[in-house]
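For reference, the structure discussed in these notes is given below.
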Amino acid sequence: MASESSPLLAYRLLGEEGVALPANGAGGPGGASARKLSTFLGVVVPTVLSMFSIVVFLRIGFVVGHAGLLQALAMLLVAYFILALTVLSVCAIATNGAVQGGGAYFMISRTLGPEVGGSIGLMFYLANVCGCAVSLLGLVESVLDVFGADATGPSGLRVLPQGYGWNLLYGSLLLGLVGGVCTLGAGLYARASFLTFLLVSGSLASVLISFVAVGPRDIRLTPRPGPNGSSLPPRFGHFTGFNSSTLKDNLGAGYAEDYTTGAVMNFASVFAVLFNGCTGIMAGANMSGELKDPSRAIPLGTIVAVAYTFFVYVLLFFLSSFTCDRTLLQEDYGFFRAISLWPPLVLIGIYATALSASMSSLIGASRILHALARDDLFGVILAPAKVVSRGGNPWAAVLYSWGLVQLVLLAGKLNTLAAVVTVFYLVAYAAVDLSCLSLEWASAPNFRPTFSLFSWHTCLLGVASCLLMMFLISPGAAGGSLLLMGLLAALLTARGGPSSWGYVSQALLFHQVRKYLLRLDVRKDHVKFWRPQLLLLVGNPRGALPLLRLANQLKKGGLYVLGHVTLGDLDSLPSDPVQPQYGAWLSLVDRAQVKAFVDLTLSPSVRQGAQHLLRISGLGGMKPNTLVLGFYDDAPPQDHFLTDPAFSEPADSTREGSSPALSTLFPPPRAPGSPRALNPQDYVATVADALKMNKNVVLARASGALPPERLSRGSGGTSQLHHVDVWPLNLLRPRGGPGYVDVCGLFLLQMATILGMVPAWHSARLRIFLCLGPREAPGAAEGRLRALLSQLRIRAEVQEVVWGEGAGAGEPEAEEEGDFVNSGRGDAEAEALARSANALVRAQQGRGTGGGPGGPEGGDAEGPITALTFLYLPRPPADPARYPRYLALLETLTRDLGPTLLVHGVTPVTCTDL
């Protein structure tokens, strides 16, 4: 965790002039020794070559011939608009911080997290691997179109034998050449790319000059077989030179049959071919680990490359429409050779473009693979790809990728691979747009890119357009890619990954939570929508684990805050001892699988700390309304960490960098007879403080005896039938008659009903006990209670029990604390009443027999026992001197009752209105 002494920047401000100092953690290809490429050689050249590919020479006639000039320009504008949206996102992310090796993968993973970044990074890697194979297969086909021997044998220039084995051999030889260049490092790759760029530029220049310099001519088209295999007379296309009639004829669309496939073209199919050729905008970003200044080079170089290729495509569209008739455009996609002043130069351009695309894909794939291996997302599978040379060249990743490309070449399915490659590229582009969109929506202060020509609108459009293009190009491949991404993300989530990168999801959640918390107006609260919002005060969680889980069940969709008071005075301490404890408590919440917030405080006493937490815990309209405490008794604390399966062994203890076991982060339970942090006086005072602050109070006793299946997160399926007993009457001072249920009694009913909504308690039966005096007739009070339960939609079994004279039922209502502030006679009566009430409750639980005076004959020892008992918690006496006596009465009342919740409610929580 960063401290006051941590540097604000990850590099030294003072250093040797003109020397770039790497950020912490940069190594390998991201280190200073490997950063050699300029903007032009590292970004512009590979991006231009990738965006041209073979389309610029072999598909211009296809697009213009079928779509016409106007629709072709519209397609080009739409395609580049989609790409430009992603380019804007790339520029924004690249100028917001130091970009290391891995290009698009690095940007996505450091924004969306390792799960999404790793899954898309692997898919982008596979796309580059397949893209390299597609380029090589296309190059082999182009070579064999000119130099391949036909069925009659070699003749003239057609001397190369053909067939699957020969094609695989040619592809493997070309792959060896490409792999050798990439293995020797980025420097040789940059020089080879620059040489290729010169060849392609020279070839394009010769084509552009030929459009102007060559006069009109007829060009013989490839003959087509006629019906029944008969030969047709030769057909010719016409190069007219600059002619307005030719332009007019080529303005509109004229979709026809593709002579290479026999399929009739339409707007979508032509647009897909054009868009396939325009992808490749990440070629420069993939070299981020070798760039001298990636934050400047990536945006500048990518924008220049996109603008340059767009201009060349537009120029070629216009020149083709002005000079070539539709027959030539539709029947001879390689017509550039026929009109060129020197046709071999066009062939050189075609071969150089395909070769450069394969080199760009292979070296880009190796850099992505090395970044994935360095981040250790896929474990030992990619471990060999971490190896680099002394100069930082990831040669092992190149060889790794070379082997995969060789496997793809064995398949030889060019057309199938092309669609999958494009879809995988689009998934990566959409993820980059989503990353930028997330950063923009999160409104984090540290997201301030120097490139400002973007907004959330452009990012959102980029995501939507990339997804649309995926399904337009290949619906099957698009659906499969999204499914694969989901499976990989699930795998990485299950495996776990580094958490030090930061998650934009956390920033987005903060932004949304803050917005909705501001809308949560406490002045609009209504009892219809009341829900429990609990503050559980815990001294040592090792002894309170069952209560921790029980409180999690009682909250039922409400707020749950886990509070702890550390004793001390900040004036006498060198630092705050509370802050280092948060990690341990958050790990406790994760391991216990409870949905709780953690709030810790430092205070000279537990009582004052509880007051602090009651006042300041929560935020806005989400503040605790109920205090939950463990019961204060002399029972020795149990160490539940030793018996609970979730805590007996540290999770992920075998993973490098995993946190230590929780048993080492919390002290052992208090030994019997040792001093306690809280005395009985302060304990009762804390209860009184909560009631004064208008908070409900729940005291939990013997929660460790709860059946384990009732504390589980499952459905609570068990062969043992349990009861949940509710006594909605103050057993220490019955008042108001047998049918009286006050606000506190209704709160008991509500909490018991909420517990029954939890799956683990579905099978437990709710029983409500109605106490009658020895002279009261049964039936009438039960009917009134059943009517009340019906109005409150509470399903429960009502049982009437007869209590003896000591209950005092039906006495006039008086001050609640009267029994505790009167003479000694009141204490004696209260003690007797507590013993009588305890015997009565025990008799109904099936835990024993013998009620108080005039009590029942005994409980049903053969029937189901009570898993949990809800009792009415009397208000503490007004005189603090009587707090210990009050606590002693509560101890007598709940002695040997098993798991018990003493509940006192101060606010209405039930409503019969719609």
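Note: Cβ is positioned from N, Cα and C throughout, glycine not excepted.
Fair warning: this is a prediction, and the values are worked out from it, not measured in the lab.
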Going by Swiss-Prot alone, which of S6, S474 is annotated as phosphoserine?
S6
Checking Swiss-Prot: are Y189 and L789 on the same side of the membrane?
yes
From N243, N286, the one Swiss-Prot labels N-linked glycosylation site:
N243
Is the transmembrane segment (37-57) in contact with the transmembrane segment (467-487), using at least 3 Cβ pairs under 8 Å (sequence separation of 6 or more) as the test?
no
Taking 168-188, 391-411, 417-437 as candidates, which has the most Cβ pairs under 8 Å with the transmembrane segment (73-93)?
417-437
Is it true that the transmembrane segment (168-188) and the transmembrane segment (263-283) have 3 or more CB pairs under 8 Å, sequence gap of 6 or more?
no
Of the listed stretches 37-57, 194-214, 298-318, 339-359, 417-437, which one has the most C-beta pairs under 8 A with the transmembrane segment (120-140)?
417-437
Can you tell me whether DSSP puts N243 (N-linked glycosylation site) in helix, strand or coil?
coil
Verify whether three or more Cβ pairs under 8 angstroms connect the transmembrane segment (298-318) with the transmembrane segment (263-283), leaving out any pair fewer than 6 apart in sequence.
yes
For the transmembrane segment (37-57), I need the partner stretch with the highest count of C-beta pairs below 8 angstroms, choosing only from 194-214, 339-359, 417-437, 741-761.
339-359
To what whole number does the mean pLDDT across the topological domain 'Extracellular' (141-167) round?
77
Is it possible to get the count of other C-beta atoms within 10 angstroms of the C-beta of N243 (N-linked glycosylation site)?
16
Which sequence positions outside the topological domain 'Cytoplasmic' (189-193), separated from its termini by at least 6 residues, show Cβ-Cβ distances below 8 Å to it?
36-37, 41-42, 45-46, 49, 181-182, 356, 359-360, 363
